[in-house]
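J.: Mind looking over this structure? Questions follow.
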Amino acid sequence: MGNDFPFIVFPEYCFLNQDPGSCNLVEVNWYYDASVGVCKEFYYGGCKGNQNRFKTRKECETSCFQAQDVCTLPKDPGPCLGYYRMWYYDSSDNNCRSFVYGGCEGNGNKFGKKTDCEATCVMKTAKVQPPVTHPTGRATAEEVCRLPVDPGPCNESHPRWFYDVQSRNCLPFVFGGCNGNRNRFKTSEICLKFCTGITATTLESLFHEKQTSPIPEPKQCPASNCADLQCPYGTQESFDTNGCSSCKCSNPCEVQNCPDGSRCAIEVSRTLSELIVVCRKVTKPGICPAVTDRFSSSAGDCETRCRDDADCRGDHKCCNNGCAKICVPLDSATRDLLIEPAHIIPGPNVAEGYIGEPIELPCNAVGWPKPIVTWWRDITMLPLSNRQYELLSSYALLIRSVAFEDAGQYSCHVHNGIGSGAIFEVTLKIVPKPEPVTPSGREEPDFNSADSKPVSAEPFESEAVPDTTCIDNPQFSNCEVVVRNSYCSNKYFGKFCCASCMKAGQLAAPPDE
């Protein structure tokens with residue numbers, strides 16, 4: 001029966017190493033990296049290789065994501081910059097923990113709910129914490145909404161909202177993931193709906209009604225609440241007419257004036273070490289995708305995470321996935337509007353470098369989706385992350401230390417799956433470094449150790465006839481500088497500028513190879 005189902009060997013393919021094959025084509029393929037549990041792009045040469053090779057990421061994920069136990073994979077937030085609270089299984093202590101998922105790629109060790117993670121990965125002997133309950137009854141609204149903000153003692157980072165009775169507004173804060181109190185809501189809409197109308201005055205009267213001990217003398221200040229407040233963005237201290245101190249939680253958006261069509265938001269960094277106040281557009285450019293299979297990556301995610309585009313970081317949009325509104329990366333929301341074939345903006349195609357110094361060869365690549373860039377020297381593709389070469393964010397090729405043999409022709413190849421791509425050629429020429437000059441502006445002559453007077457290279461009296469087999473290297477520029485500064489005696493410059501040096505009489509014969 002096993003012969004009737006050949007797909008059962010797929011897991012074996014998925015654990016093979018990446019193999020580009022032995023041919024020299026450049027085909028974008030995908031392979032499954034079992035060490036991290038994700039599908040990665042690589043260049044396939046066109047022949048041989050192994051079966052851990054797929055035409056698309058989707059084909060790779062469909063074939064291999066089920067080949068490995070997701071519970072053994074490491075946490076992977078992916079390369080995108082979204083802010084989605086997910087759960088992963090930590091095999092070191094048999095627990096499910098929350099983390100920030102960027103919104104794309106990553107591996108299979110991510111779950112939308114803690115209970116799903118625990119049901120899939122946690123060993124049966126582990127204790128499963130009961131879900132946190134949320135305020136539901138209007139009868140307790142005043143008590144709940146008057147509670148001070150409490151992030152709790154844990155170190156996770158859940159974006160939440162609390163009601164501030166002083167400003168009569170709902171403010172954002174970061175919930176640590178455990179304990180805390182019930183003045184905690186997933187969205188500002190839920191918070192406002194639950195707490196609107198509850199004021200600090202009502203709180204004070206309720207406080208005095210429940211007070212059973214004698215009221216302090218008017219001149220005696222009550223204990224300050226500043227030390228007890230736990231505020232995500234710090235506290236603001238104020239003093240009344242009696243000089244008594246009280247504090248309230250700071251709201252960074254309180255002093256931020258945003259233009260029409262935008263709203264203040266607080267960027268919560270992954271490390272929580274930095275908070276940035278920004279104005280986000282309520283309606284950002286682009287359109288949301290239709291609720292079809294294109295949006296299937298969001299299937300099952302029915303927790304509303306945004307009201308409009310201003311609730312989404314960066315250029316993400318707030319879109320309906322069929323059962324809830326979530327933030328969608330730009331490449332999904334506006335792909336149909338912004339598709340642009342990869343191409344290269346023309347620019348200088350000759351670069352001059354000094355021996356031993358770095359140089360950048362330009363490649364002004366543009367397009368959407370972002371182009372994939374490779375650099376070639378003649379017919380050899382260059383490694384772009386080693387001691388010699390580096391691909392910069394501008395797509396330029398950095399040569400860390402130029403050598404004589406680096407002179408020659410380079411080409412930048414770009415493609416993004418739209419159209420046929422583009423190639424840009426750059427010629428690297430080697431030039432001598434300018435010599436330091438004396439204050440008078442004249443070059444310092446060389447001294448012979450055996451003489452007391454300076455000597456300089458003078459042309460031979462007899463007119464030299466250039467050897468027809470001796471030519472200047474076409475990849476080397478500024479042979480005039482070499483001759484003018486009498487550099488022909490240098491074995492490298494004499495070789496690269498042989499014809500010019502012979503003509504100037506600074507070489508009696510072509511240098512040895």
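Just so you know, the numbers here start at 1 and follow the chain as drawn.
A Cβ is built for glycine as well, from the same backbone N, Cα and C atoms used for every other residue.
What TrEMBL shows for this protein is this:
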type	residues	note
DOMAIN	14-64	domain 'BPTI/Kunitz inhibitor'
DOMAIN	71-121	domain 'BPTI/Kunitz inhibitor'
DOMAIN	145-195	domain 'BPTI/Kunitz inhibitor'
DOMAIN	221-249	domain 'Antistasin-like'
DOMAIN	281-331	domain 'WAP'
DOMAIN	341-429	domain 'Ig-like'
REGION	435-458	region 'Disordered'
DOMAIN	466-505	domain 'PLAC'
J.: Could you put numbers on the helix, strand and coil content of the domain 'BPTI/Kunitz inhibitor' (145-195), residue by residue per DSSP?
T.: 9 helix, 15 strand, 27 coil
J.: As a quick check of your reading of DSSP, tell me how many residues in the domain 'BPTI/Kunitz inhibitor' (14-64) are helical, how many are strand and how many are coil.
T.: 9 helix, 15 strand, 27 coil
J.: For the domain 'Antistasin-like' (221-249), could you work out the same-chain residues 6 or more beyond its ends whose Cβ comes under 8 Å from its Cβ atoms?
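T.: Contacts with the domain 'Antistasin-like' (221-249): 148-151, 164, 166-167, 171-174, 266, 275.
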J.: Roughly where does the domain 'BPTI/Kunitz inhibitor' (14-64) sit in mean pLDDT, to the nearest integer?
T.: 86
J.: So how many of the residues in the domain 'Antistasin-like' (221-249) end up helix, strand or coil by DSSP?
T.: 0 helix, 10 strand, 19 coil
